[in-house]
Amino acid sequence: MPELPEVEVTRQGISPHLLDQQVTGLTVRNASLRWPVPEVAQQIVGQTIRGIRRRAKYLLLDTDAGTTIVHLGMSGSLRILPKSTPVEKHDHIDLELASGKVLRFNDPRRFGAWLWCELPEAAHPLLAKLGPEPLQSGFNVDYLAKALEGKKKAVKLCLMDNHIVVGVGNIYANEALFAAGIHPQTEAGRIDRERLTVLVAEVKQILAQAIKQGGTTLKDFTNADGKPGYFAQKLHVYGRGGETCTQCGNLLSEIKLGQRATVFCGLCQPR
């Protein structure tokens, strides 16, 4: 599943092609995504795209009439292509531009979304209760200490809770906890301020590095140019259960936590 870095890489890739472009058409070949593509999504036609933003794992295409909300789901991708490019399997939506290009949404598993919002997007049900962005100043040790106070839930599950902090999915939660030396099953409310300071710094550093590397491609993800991300080459624990720790040589353990694969080093991340 594309996480925050992959969505941000996509935003950066499509932005130069969309900004200040007039939308000349919206072709929906298959409206059966995670939620049906609404008829009101056509209201973007004739509008000029004023901004391309990311909130959590959602992409927001702003116009004067409203905002298109796009989610890549489990396997979705967005590419900028000439309008004449032949349609391939799973190419569900084309946003047609005055430049002669299209923003093409491909989603084999159809867990993605293409929605329309006329309200201030912060009031949309999908966005209203989201936590802070991890790369912004609002995500800091003071905030995290307060958010985790008294929580008995495993810290990894808290990192992946979008009400606490957005966009830190399974890949980067595993990596940040390893870098901070924190066992993923540690009760969140029992982590002292010193270790939380390290954790916040590692979350920010790892996400920023992943964006710089073009995201992590494990199976489906490609950027707006159809190229994979290369951060997978820098993964220390995710997907490496049973292999040796890059720091100490101990065998990495793998468990299920919240139904997600969780990999850690029992020596570098003592419980």
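Glycine too: its Cβ is placed from the backbone N, Cα and C atoms.
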Original post:
Where Swiss-Prot shows His90, Lys151 binding DNA, which of Arg79, Arg109 is named for the same site?
Top reply: Arg109
**OP:** With Swiss-Prot as the source, identify the stretch among 26-60, 236-270 annotated zinc finger.
**Re:** 236-270
Original post:
Which bits of the chain, at least 6 residues beyond where the zinc finger (236-270) starts or stops, bring a Cβ under 8 A of a Cβ in it?
Top reply: 154, 156-157, 160, 170-171, 174-175, 177-179, 181-185, 218
**OP:** Specify the count of other C-beta atoms within 10 Å of the C-beta of Pro2 (active site, schiff-base intermediate with DNA).
**Re:** 27
Original post:
In sequence order, which residues at least six apart in the same chain have a CB under 8 Å from the CB of Arg260 (active site, proton donor)?
Top reply: Met160, Asn170
